[in-house]
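Here's the structure we're looking at; comments come further down.
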Amino acid sequence: MAPTVQHYKMITMDLIKELHFMDNDYKLDDDKTFENNNTLLRKDTTDDINSDANFDIVKYEAMEFKSRIKWPDLLAQTSLHLVTIYGAYLILTNTVKFLTIIFAFGTIYTSGFGITAGVHRLWSHRAYKARLPFRILLAILFTITGQKDIYTWALDHRVHHKYSETVADPHDVRRGFWFAHVGWLVLTPHPAVEDRRVALRKISTDLMDDPVVRLQRQFFIPLFILLNVMLPIVIPMYFWEETLLNSFVVSFVTRFTVTLNIAFCVNSFAHLCGNKPYDRFIKSVENSMVSLAALGEGWHNYHHVFPWDYRTSELGRLNLSTKFIDFFAKIGWAYDLKAATPSMILKKVNRSGDGSFHGMEEPDPTSSINCKATD
Ligand SMILES: [Zn+2]
Ligand SMILES: [Zn+2]
């Protein structure tokens, strides 16, 4: 029996009922016009076409542009990382209470679902729908991570997918590992990025239509101070008498910086180091190490091919965020889960994969070793 068939026999009927297979929504490259999967070239919807009407990517690509350093952002990132080195020293020298370490890392991995299942799969991609209590929970978890507000994050992520690997991509990996990892946050953006942020704002009205997104944006500063700074510092001090210094360094700064870096890895490593079983013409790759750290977000070749698939990977891949959404689907808080069918996946594999697809087996861990900045 072929591995694909074998694998899908393991799926329960319940799960199949939950998945809304969307053959009709899948945009195949049948006319062979577009080898690149980014939607700038695809013209998916009328809104997309209109939003690109006056946008000349060729002009922007040819433009001479030199980024300037955003000093306050550079100072913030440098400070966070230096204090995190001190946090690692405190942890390694046993200066911090064990419970504080457990709390910091436990918070990293629970709040991480606010990024993966929340701002990414729900708000950026609309890969499923969520009822109000679930959206509130996801917004709280996301705010704990401290990564901007939902609206700004989702908008930038939509720009990234629509204009991947062009000058309009906010973290264009063609500019190298460090630019994609953190450089883009401390440098002024390319004018093409600013142009597309404005354009996508006009067609992303769905985001601000959600009162949860609106309120989280409106009260972002106080929520950030409460959930990302104050509570992580106060909880270890109040419940197990951690010192203020240790709590500040480990539970606030180190936790915050580690979470940031895990998210950064999706933009850097998962666009550079790994294989491309679904589309060899794009830079995003399958990276099992990033997936392990980022709760399933490292299956990035798959994700850029099927960005609307709530699983961001095939079934069978280790993907804790998919299990998290599945759980909430079971209790009725998540619904309308979209997923690619095996036939869609295999068609794409045969058409544009790099030959590394092995049915739906677990990936080869050594695949992450192959790492290159340019093709
Ligand atoms: Zn990406
Ligand atoms: Zn995405």
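Numbers run from 1 along the shown chain.
Cβ atoms here come from the backbone N, Cα and C positions, even for glycine.
Marked as transmembrane segment by TrEMBL: 74-92 (among others). Away from its own ends, the transmembrane segment (74-92) comes close to residues 101, 182, 185-186, 246, 249-250, 253-254, 256-258, 260 of its chain (Cβ-Cβ under 8 Å, at least six residues beyond either end).
Long-range neighbours of the transmembrane segment (98-120) within the same chain, counting only residues 6 or more positions beyond its ends whose Cβ lies under 8 Å from a Cβ of the stretch, are 91, 138-145, 147, 150, 153-154, 157, 232, 235-236, 239-240, 242, 246-247, 250-251, 254-255, 258-259, 262-263, 294-297, 312, 321, 324-325. Sequence annotations record features per position, and here TrEMBL assigns transmembrane segment to 98-120 (among others).
Confidence across the domain 'Fatty acid desaturase' (103-318), taken as the mean pLDDT and rounded to a whole number, stands at 96. Look at TrEMBL and you will find 103-318 tagged as domain 'Fatty acid desaturase'.
Per TrEMBL, the feature transmembrane segment maps to 219-240 (among others).
Under the heading transmembrane segment, TrEMBL lists 252-273 (among others).
Feature annotation from TrEMBL assigns region 'Disordered' to 356-375.
Per TrEMBL, compositional bias 'Polar residues' is recorded for 365-375.
Residues of the same chain lying 6 or more positions beyond the ends of the transmembrane segment (219-240) and with a Cβ under 8 Å from any Cβ of it are 97, 99-100, 103-104, 107, 140, 143-146, 148-149, 246-248, 251-252, 255-256.
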